[in-house]
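All remarks here apply to the structure that follows.
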Number of protein chains: 2
Amino acid sequence: MKINLTTQRKAVYDIILQAHDHPTAADVIERLRAAGHNFAYGTVYNSLRYLTDNDLIRELKLGEAASRYDARTEDHHHIVCIKCGRVDEVMTDVPQQWMEAVAEETGYVVHEATINLEGVCPACKTSKP
Amino acid sequence: MKINLTTQRKAVYDIILQAHDHPTAADVIERLRAAGHNFAYGTVYNSLRYLTDNDLIRELKLGEAASRYDARTEDHHHIVCIKCGRVDEVMTDVPQQWMEAVAEETGYVVHEATINLEGVCPACKTSKP
DNA sequence: ATTGAATTTATACTAAATCTAAATTCAAAT
DNA sequence: ATTTGAATTTAGATTTAGTATAAATTCAAT
Ligand SMILES: [Mn+2]
Ligand SMILES: [Mn+2]
Ligand SMILES: [Zn+2]
Ligand SMILES: [Zn+2]
């Protein structure tokens, strides 16, 4: 079906497109308010789901309480700073050979691998305790 | 501090030790009931947290709603069958070289990588649609 | 036996997200 | 232009997973 970008969906999409910090639904609502929009709570969730289902954005589950959203739909992974909570992109892809080893080990047909890393970001490395 | 395995904590631990399916807290409560125990809801959660904090078990966040628990504390990963929901172990470790490439790319000090795979398990591969 | 810290219990509460039913929007058909 | 109906939005209730609280209890050390 053709994609129907209503005012609300477009506004939500724009927030995600402009963000570079993988915002949560709560972040999105906050930024919509700041931009003068005041959509119903559920509409924002519906929009995020709609955009996700239509592959315009991606939903990230990084093991935190709330999902985050990402306008980059290419295959990539994420690393979270354990000091400041910052989330960065990991474009380096896992070796195909490793995926094959997993298929071999488990007997599964492997569809995809979601990789969430943890570490200390450059800024936090050089900051006082 | 010395580990204090109360009756409740021991019973919860035993359930996890005997399970090979990475049960959720709800699964644990169900199995405790079946074993004749009827602990307070919160006690099971407290016990799971206590056991996790003391490295007797591991908490898994596989991107599903509820956490799962695992008696295998060695470093390993998981693969979920998209047909039946089964969760299996992935012992094949990701190449150290890849971790180094990620550190290089992101500038992070990388502490750990959590890898959740998805695919179709051997049983579901050969079953009717 | 007495004390007190740790634990368990029952219950209330929270956070994230979904569901529901009424109100609205909006394009197509008359 | 008006009617129709499907899609969408809205406000609010509901669900799920888990945490917080405060009273009751357990239990080891005095
Ligand atoms: Mn990203
Ligand atoms: Mn495991
Ligand atoms: Zn940081
Ligand atoms: Zn399966």
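Note that Cβ sites are derived from N, Cα and C of the backbone, with glycine treated the same way.
Owing to the predicted nature of the structure, the values given are computational and were not obtained by experimental measurement.
Listed features, source TrEMBL:
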type    : residues                             : note
BINDING : A:CYS81, A:CYS84, A:CYS121, A:CYS124 : Zn(2+) binding site
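Spatially close to A:CYS121 (Zn(2+) binding site) yet at least six residues away along the chain are A:CYS81, A:LYS83, A:CYS84, A:ARG86, A:ASP88, judged by Cβ distances under 8 angstroms. Looking at A:CYS81, A:CYS84, A:CYS124, the binding-site residues in this record, the fewest other C-beta atoms within 10 angstroms of the C-beta turn up around A:CYS84. Under DSSP, A:CYS121 (Zn(2+) binding site) is assigned to coil, being neither helix nor strand in the three-state scheme. In the three-state DSSP classification, A:CYS81 (Zn(2+) binding site) falls within a strand. Each of the binding-site residues A:CYS81, A:CYS121, A:CYS124 was checked for a CB under 8 angstroms from a CB of chain B; the ones meeting this are A:CYS81, A:CYS121.
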